[in-house]
């Protein structure tokens, strides 16, 4: 046992405690304090109460980015989980190419979001236009130049990237489904759809929760892909919350105001994560 | 005896091709001249023309940039492994209220999005004149410690304390016990911690863009904007540059894919 009055206990903890305090705790506490002042990054200035927070309620750009983020997250969560589970079912169905396919589907996750965004910018702008003009499909031209195509561009990029990640999680649960159970159902004459609906889905239910929240926290906080794919354009219409906060702080230099937005962002993310923890705990108890 | 799996096999392969197509299009077009690219992005290039690669490599100052990325990633990951494992050890060998509180603090810190602390962080470290490589490594320790401590803590709880006690009787001190007896037993989880942190730090863009965005210090993600000017896009060079940036990652993936996929799923499910 180590005792809390032992020097070694504190020596073992000191480096990470120092780093966490200086990098996370102090900036968070200062940040919350600054959000109630007219801090400009250099001087704290005076206390302004809720002024920054009230201003956010009328900030159309921020509210638009919030709405865009919510829409984007909802659509992405559905598609990523649909593809993730489908890919997992495909690669666990004892096909010959399964190892190779897993490698391919997972690959985009190792590459930075910024780079992936640039690659897809090329696909959407140049390749889509090329295909469009060859086959005379008008709707493939001018991608990323409208809000609609920017939205779907981001959704496609994130589905392509994250499905392989979510696939890995579903695989972990699918491999826990006993083979005898499936075979017994097969012998009893259950169709593939019935096996999926009545045996596999209930057994991988915990994976749904894990995957849903992982996708949600990733899409809600998205920044790199947003920056490199659309840059928020056209006219900030595809700008997500993380980017909007960054811009308020470092382009418009409204530090205290940006920090108030950052605090709201923190509260939303924390509520999402705590809900997940709560649901997981509840399920563990039931099991 | 079993039914043919070929419809699923074919579906899988079609999806595999779709998944690979962005990389294929990037590589094929990276060999085209500016003119060829303008004419058609779908057909194969006239030949393997490495001019774009040579130009992109030089303009990105790639050797220097690559070494910057390697240095920051390797040092940060080592620092995270050393200090997180030590901290997790102390927390697992002392079950007081103080330990539970500290552990809770680290877990709770995982809920805080980077954007919420980013602005004060940059101003504080700016005042301390720590917006440099040393500063960013320290920041990576602060942001990376939580998950790493969490993962180490889980494993350490499963290692019997009688091992420590036996070593204490033999006269070993805490540091010796940890580094000679306990740390070697943590190897599998250390691999997971190393992989998760390497992927994160290697690909991170936002933090380095705020902390070390000076000439000659840039990591690979920071340099990726080079070919994307506000009004002009040099696609032929950009695609070569993106390909160069991806190659090291793909090589690493093919050597360690089992560990990587395992590490990621462990980190995610917990």
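Backbone N, Cα and C atoms are what each Cβ position is placed from, and that goes for glycine too.
Among the ranges B:213-234, B:235-256, the one that TrEMBL lists as transmembrane segment is B:235-256. Ranges compared are B:34-56, B:103-125, and TrEMBL records transmembrane segment for B:103-125. Highest Cβ contact count with the transmembrane segment (B:235-256) among the listed stretches B:7-27, B:103-125, B:137-156 falls to B:7-27 (criterion: pairs under 8 Å). Residues 69, 72-73, 76-77, 80-81, 84-86, 89, 140, 144, 147-148, 151-152, 154-156, 159, 163-164, 167-168, 220, 249, 256, 259-260, 262-264, 266-267 of the same chain, all 6+ positions outside the transmembrane segment (B:177-202), place their C-beta atoms under 8 angstroms from a C-beta of that stretch.
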